[in-house]
């Protein structure tokens with residue numbers, strides 16, 4: 001049964017159209033995806049050292065996976081606590097594994113220094129590029145159009161606001177869904193696919209790869225049809241609108257940005273819906289006598 005589930009999950013990911021498109025585009029994001037998946041797999045297996053080193057590799061490549069550290073460390077802690085009769089201190093466990101993560105990233109940066117020579121130029125061209133968002137080339141994200149239309153005097157302020165918004169999900173989801181660290185990781189991957197500065201369909205494919213692990217939540221979701229319809233609609237019209245604007249010259253930026261808003265809306269609804277379903281499932285486990293009751297807003 002376990003082997004069959006593994007094969008089905010792998011097949012769903014590898015034959016996802018977004019995954020295939022990412023491979024055809026020869027995107028380097030496949031290495032980040034591999035690092036994240038290996039980190040999650042190692043954490044679930046209880047190998048916390050490999051999990052931290054793999055996350056360090058992914059963070060070294062793309063920066064954003066570093067935000068997965070806390071839920072991944074909690075997942076490692078929970079797996080170890082299940083196997084050990086004497087549980088260690090949670091804060092100490094997280095600090096120790098934070099040191100492992102930092103050491104792994106530092107080692108990779110040291111190798112980069114040996115190859116690149118000028119360390120600060122390397123940092124500016126890689127992580128500085130992610131943090132300061134200098135390239136406003138159109139993509140499926142929300143940042144590029146916003147910063148094109150913004151006055152330069154407000155740029156630093158809104159950069160801080162956008163980054164704070166992205167990072168704030170880590171604390172909120174971790175505090176509320178502490179009993180489900182793997183679900184926190186899945187949710188954060190969905191957040192990254194919508195709100196990071198340079199998202200791609202590779203980020204969406206990674207979220208969709210982990211989502212079937214929670215297929216028991218699907219019956220509790222309320223807006224699945226609307227979310228999937230919006231995602232399919234934008235997936236089909238997005239390339240067409242981009243072609244009309246960039247190549248045919250018969251449209252403008254509003255055409256493409258409008259369809260990216262539809263994509264982000266559909267993705268956000270799907271993400272919010274699955275989080276609601278997880279909270280509902282958790283509540284029903286705590287109150288089995290009220291299972292199936294309608295939720296009423298007070």
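Backbone N, Cα and C define each Cβ position, glycine as well.
Taken from TrEMBL as is:
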type: TRANSMEM; residues: 12-40; note: transmembrane segment
type: TRANSMEM; residues: 52-77; note: transmembrane segment
type: TRANSMEM; residues: 98-120; note: transmembrane segment
type: TRANSMEM; residues: 157-177; note: transmembrane segment
type: TRANSMEM; residues: 183-211; note: transmembrane segment
type: TRANSMEM; residues: 223-248; note: transmembrane segment
type: TRANSMEM; residues: 254-279; note: transmembrane segment
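The transmembrane segment (52-77) shares more Cβ pairs under 8 Å with 12-40 than with any other stretch in the list 12-40, 157-177, 183-211, 254-279.
The recorded stretches the transmembrane segment (254-279) and the transmembrane segment (183-211) share 3+ CB pairs below 8 A when only pairs 6 or more apart in sequence are counted, and are therefore in contact. Between the transmembrane segment (183-211) and the stretches 12-40, 98-120, 157-177, Cβ pairs under 8 Å are most numerous for 12-40. Residues 138, 140, 255-256, 258-260, 262-263, 265-267, 269-270, 273 of the same chain, all 6+ positions outside the transmembrane segment (223-248), place their C-beta atoms under 8 angstroms from a C-beta of that stretch. Sequence-remote contacts of a segment are chain residues at least 6 beyond its ends whose Cβ falls under 8 Å from one of its Cβ atoms, and for the transmembrane segment (12-40) they are 50-52, 54-55, 57-58, 61-62, 65, 68, 72, 75, 182, 185, 189, 200-206, 208-210, 212.
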